[in-house]
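First the structure, in the form of structure tokens, and then the observations on it.
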Amino acid sequence: MITFLRLIQMECMIIVRNMTDSLINNAIFCTLIALVSGYIFKAFGTSSSFASLQAASLIVSVVGFESYRSIFRLLSDLEGEKHIQYYFTLPIANSLIFLKMVLSFVFNGVLFGTFSLFILRIVLFKHIILKNINFGLFFLTLTVIGGFFGTFSFFLAAYTKNMMKIGNTLMRILFPMWIIGGFQFSYAIAKSISPILGYIALCSPYTYANEAMRYVVLGSGDFINIWISLPVLIIFTLLCWVFGIRKLRKRLDFI
């Protein structure tokens, strides 16, 4: 257990060491999209609620986009030096190595998701009201979302054959899940346009992540209840955990 805690400490130190660059990138990403959705799109007649809707999904995207870098890092390691195999020589259970990866993702998600909220509060001050947010529920939601994307990252990396195929993974899986998962619309809107579109949206874990975050940041509104969204995300997380670990062990020649 001491070894495991040391590994977690090391991961946190790496995140903190690179925090300045990550925060700057995060601020640029959130600020520009918030400005466009909150002010420029409004000139084209979009609803004033659109900025609020997208602000909540921006927080989810900040956490989710870390999946891209995680997949690149893990795949390049699997095809290259395979430094990950070093961790499996340590006197701890193999499953704890994967748990370390997920917890690192959770820490990263909570840190940058919270930072994004305050950036959005500054840019969209009329839309984000901090006093209306239950921060206990906010951090719980970020933790569950971070846990999902952490397991989803090594699941996708495990099933991506090589670096040459990573474009297929991004464009055929991650991008469709993100765009139909309600980055720019709620599940209620999708369902009102077409029940089929609503069912398609429910196939994407992003839908539950976005709906949960909107429930917390914007109030219950016409969103999927958070106590439905979070358990569904946990189910997705467990599925990715089981099948992702199984595939990674095969790729690393573990029994």
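One is the number of the first residue shown, and numbering goes on along the chain from there.
Backbone N, Cα and C atoms are what each Cβ position is placed from, and that goes for glycine too.
Heads up, TrEMBL stuff is auto-annotated, nobody curated it.
Feature list (source: TrEMBL):
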DOMAIN    6-217  domain 'ABC-2 type transporter transmembrane'
TRANSMEM  23-41  transmembrane segment
TRANSMEM  53-72  transmembrane segment
TRANSMEM  110-129  transmembrane segment
TRANSMEM  135-158  transmembrane segment
TRANSMEM  170-190  transmembrane segment
TRANSMEM  223-245  transmembrane segment
Suppose I define contact as three or more CB-CB distances under 8 A, residues 6 or more apart in sequence; do the transmembrane segment (170-190) and the transmembrane segment (53-72) meet it?
yes
Count the Cβ pairs between the transmembrane segment (23-41) and the transmembrane segment (110-129) that lie under 8 angstroms and are 6 or more residues apart in sequence, then report whether there are at least 3.
yes
